[in-house]
Amino acid sequence: MGLEPLFQAWSYFRRRKFRECADVCSQLLEGPPGEQELDSEYTVFQAAWNLKTRALTEMVYVDEIDMDQEGIAEMILDENAIAQVARPGTSLKLPGTSQGGGPSPAVRPVTQSGRPITGFVRPSTQGGRPSTMEQAIRTPRTALTARPITSASGGYVRPGTASLITNPDGPFINLSRLNLTKYAQKPKLAKALFEYIFHHENDIKNALDLAALATEYAQFKDWWWKVQIGKCYYRLGLYREAEKQFKSALKQQDMVDTILYLAKVYLRLDQPVTALNLFKQGLERFPGEVTLLCGIARIYEEMNNISSAAEYYKDVLKQDNTHVEAIACIGSNHFYSDQPEIALRFYRRLLQMGVYNCQLFNNLGLCCFYAQQYDMTLSSFERALFLAENEEETADVWYNLGHVAVGIGDLNLAYQCFKLTLVNNNDYAEAYNNLAVLEMRKGHIEQARALLQTAASLAPHMYEPHFNVAILSEKVGDLQRSYTAAQKSEEAFPGHVDTQQLIRQLKEHFAML
Amino acid sequence: MSLFKARDWWSTILGEKEEFDQGCLCVADVDNSGSGQDKVIVGSYKGYLRIFNPHPVKPGDEVQPEDLLLEVQLREPILQVEVGKFVSGTEGLHLAVLHCRKLCVYAVSGTQGNVEHGNQYQIKLMYEHNLQRTACNMTYGPFGGVKGRDLICIQSMDGMLMLFEQESYAFGRFLPGFLLPGPLAYSSRTDSFITVSSCQQVESYKYQVLACATDADERHDTEQRKLSSGKRLVVDWVLNIGEQALDICVASFNQGVSSVFVLGERNFFCLKDNGQIRFMKKLDYSPSCFIPYCSVREGTINTLIANHNKILNVYQDVTLKWATQIPCIPVSVKVANFQDLKGVIVTLSDDGHLQCSYLGTDPSLFQAPKVDSREINYEEMNAEMKELQKIIREATKTQDILPESEKQRDVTVTAEVSPDLDEESGISNRDFTFSEGTQRSVLCILICHRNDKSFHVNSVFINLMQAIDSEVKAGAVPSVTVKITIRSRVTAQKPSLAVCVQAPLAVTCDQFVFNDLEPDSSETVVLSVFLKENCSPPELEGTCIVSYNIPTELNPEGIPRVSQCNFSLPLKLVCIPAQPSKAASHKITIDTNKPPISFITIFPDFVDPSEGDQANALGFQFLAGSKTTLLASKTSQRYRIQSDQLEDLWLVTKELIHRLKEHFRKQNCKDFACTFSGSIPLQEYFELIDRHFELRLNAEKYQEMLSERAVQFRAIERRLLTRFKDKTPAPLQHLDTLLEGTFREVIALADAAEENQANIFQAFAKLKSATHLLIMLISLWQKLNTDQIAILEATFLPLAEDTQELGWEETVDAAVSYLLRTCLSKSSKEQALTLSSQLSMPKDTSRLKKNITLFCDRLAKGGRLSLSTDSATQQAAVMPGGCATIPESDLEERTIIPGSTAVFPSHGQTTKQKSKPGGVVCRLIKGTSVQLCII
């Protein structure tokens, strides 16, 4: 009593037991050589081949929409830019294009590009876009902001190497020996083969060839092939061509994925407003689609329009109240708008849902502290330290512990915490700044100044070190240095009242002289 | 991610190591009891057929034996079980069981037993069909609109639909373009079969069309099947969904519109009858199975979707209504009505976990593991805390990193420089004695040894290794052997030795790694020092540093320690005796207070003894420099050193004074002193500064040009890229030539910049020599004590490397002007001036020259070099900007030139600041909430 092997493999595939499925298929494929012809209309061989291709693809499948990495070369050699200086509110490249509603950097920390930090790490939230190659190379590159030179050398490499691991006898399909034209005329094989080449082998050029032949064979009537060609073009950096393909596919068939791909192209072309409109059109066709809502919220967040972003995140939660990203973002939003109690509720919800990591406990600890629930603060941080997986996370937790220590007035503890932060991650500009403030209180002016200079060189986008240098120099009587530092601070954060006051004061002083 | 978990109502685990899949679960009132109470029918791939009637006394109870109504083992694997009106002449429900090659229909009946719980159930085979092809799945329904009975359609693995009208076989049809079977469903409204083909399309076939098409069984030959195009199977409608589907359901509730639900691998679709999308939802998880179960609100349909994250989601159209955790990944989910409970969710996992559950607000309690923390004993903790605080206070009282005092040294390192030069130096520039092959094999041996971890340094190998080209343009480059011994009194782990000499000198091997040292053991290495580059070294000194770990009780990994020693190299390493020459452009005269000594006594290694005692002139030919002549006055107590180049005077002068002092120390003559009366050769010195500065300016120019060319290169690249990307390729218009030209320019510029770099290095070495000479002359002239000499050295020889961003000129300028403003200042007004905060490259050297001249003037007028405590707080400003962040390099540099630490005040002295009025208001950065990572 036994099952038919092909049926067994088919059943394994449906239950996502891909390893077993591929093994059974391999046995089937080792049959007599006479059957190993893909030309005939239907054979068990063909079916097994197809199933194995799909199983191998599924093993390494990553949704292409989530894959996003922009290398330095792509940013610099960007020939798609329409205007050198975009108008406010139409570009993601200019940091200061806030349309109001967002908290100031005094309250919410910003990333290197001047955008408020978000509550959820996504592939595209790393760092900003430098304007020239020189600046790109000189930007302080810490472990967390390192950017590949080109996207071809970045994260895409990882999926492609899967082919080396899965089969010790060599690749399952030898791409160089494939007759793509022949396969393109067999739609049922071609689609699986394409996904295999794209996801498993990561060979975009061959994938594009196959897709081009197949769409021709289908007389340009199959939207799926157009989307695939668009995906290939996107990977190759041909954004305008990709846009054409996606648009053409959307004309044939409305699909959520196509909309997401097209929006991704627009974002890469730095046209957030077009992407927003596209998403909104998509929402009319697919009302309540979570991925579209979430896309809108992300764009608003990147454009520094926090209140709109929060609205859309709330809409996401109305559709899907287990959406971790939305909960985390709303939570961090509440935290930075001085409502730690509400943020606490969101983070607690995440905890109840089973999120269990260092970041969450760290945030819980901070919320507890600001919500004056001191009993929970230290135990949360203790757990966060326990759960920290790498030194950067440990550094974050120690930094926040130091901050709590400052809050309760235990400056010795704070000093030691900041020192520990720097032990774990010596690129931590905030810790340098805070340590400098503590040193200043001790009266070690020179040490404080050195620390502040380090902080400023590590994180030129922060205004605090510049401002602190300005204050420090002003107290010492070094007005000239104070003035230059204050100007740098104003550049980093134009709306900072204290800086403006200081500059005014200094100007008056200079006028008196 | 879910807040709640499904409440267990009844659950059991079926069999052992049995496999189940999608079709293996069915829920129906199979025994026609009429009570409306559903039974759960489960078939397995092992061939077991089980029927359950769950009725727990209270939710979550153990399974009662009488819950299992029936368990039989059939002879073949069960692929699918369905319940419907399969037997003609009756409307009662019967059980259809699909095997690989057989379809059986059974009647299930129960007979009342004699005792209360003694009902007896049995199955009776009504009919069976043997199948020609391997079956895959089946569907049933009133095909063709028949009333009161269900027909069965079986899909085979090779794409044939076989239709059975109850006891009789009706017909079979091949699906066109078939490769792998997809899910199959029958829609009674449109009377059609819906499946998802391998082309990733939802396809609908009308029953009528199927019935009329050519019979597949009559023509087995595929060729003929193709030819019979008369009645080809025509598809009713097609929808391309772009992915494979897991399951299809056709559902209509409460006379609402009927919809076709397709669960794809990544999306969930709801289609209209005509194949248009009503709505779709992108799923961010891998679904495993689903069922649309009812319509709660008008126009919407509720669906249960289970996924591989063990979550069961309840959707109302696309809105998530509920999410609940379930204990395993289900392969099939159904909704059943039991006696006292309606709408029970029945799930079956692929390893046979059958569960009936209902939704509830039972929190899915996630028990966070306990943090590994100690039991709190406050007294002990207080004590430990105090102790730690004490240690920390001790550590912060002194500077963070401070060399240990000598007496605690557990590992000592000594260096012994052999008095004579090597007889056969392995270094040569022309007659290279070892062939390439030899060198390579030696390298191999070394590498093998290293891999064994039994690497013992062998001087022979090292000497072979040192066959390194020297750039010096002389016949044979001399080398001197240095023997370094490490002695350890304790266990030292991972000792490694680094030997460093200042370029242009070089050592044959500068890194050694040893095995762990036992207590009271020693290791010795031998290496050679030689002049590598074509200029004279400013210092004839070297340092060797041993780093090792000493394990302690608390820290078995060991505490890192270092110990070091300095050694000085003989003058003969860089110069050879030569004929003295009378004429020279630079001369300095050193006065002493003792009669002159014969050169035979003090320079025995340079004077040929055959020349007798009349040698009052001595010539030194530098390997990479000019000739220097030393003259001793016969009458007065003077020595004259003369050379064509200022910087070459330094080493000879130093050697002379050193040897004179040694000589008189041996003779116990304590009041020996050297003086210098003549004017300081500032003009010549300034020429050297200018030379160095000019090269720096050149370097800056090169850098600017390089960046310009690079920008140009990228601009051309960009142009080319747009050209190549164009659909209609435009002519390149010589852009490629331009690109190549620019590339060559970039390369040529880079080469020139490199050459300039080498020149800067040589110029800096000369400048350093001259600076040493200057310091020595000033100290002899003004009779400075050692502290003052240290200040002078720290001023003129900054620890920082000479780089483009922070060069020697601005550093020395800052230091000199600081001294001028503090201890050498004439009035208090000068002291008030502040330093410019950033050190940057000056435009020219006139300011520096002026300051140095002024510095010498002030010293001549009786200025005293001292660093009193009141100016100590300002002192650190002399440190090159922002270098305080890297304490390691600080240490390293400090160890190279000991004694220069005097310039750095310890930070404990700054008491003055406390009296400052008010606290400085500074901004702390608020605690940052950390971004959540993707879970």
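From the backbone N, Cα and C atoms, a Cβ is placed for every residue, glycine too.
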* **coiled coil according to TrEMBL, located in which of B:371-398, B:539-566, B:623-650** => B:371-398
* **the domain 'PTHB1 platform' (B:570-677) - residue tally per DSSP class, helix then strand then coil** => 32 helix, 31 strand, 45 coil
* Would you report the average pLDDT that the model assigns to the domain 'PTHB1 GAE' (B:476-567)? => 83
* DSSP residue counts for the domain 'PTHB1 C-terminal helix bundle' (B:784-859), split into helix, strand and coil -> 43 helix, 0 strand, 33 coil
* **Secondary structure content, the domain 'PTHB1 GAE' (B:476-567) (per DSSP, counts of residues)** => 0 helix, 58 strand, 34 coil
* Structure fact -> Listed stretches B:1-363, B:679-782, B:784-859 vs the domain 'PTHB1 GAE' (B:476-567), most Cβ pairs under 8 Å: range B:679-782
* Asked: What counts of helix, strand and coil residues does DSSP assign across the domain 'PTHB1 hairpin' (B:679-782)?
  -> 92 helix, 0 strand, 12 coil
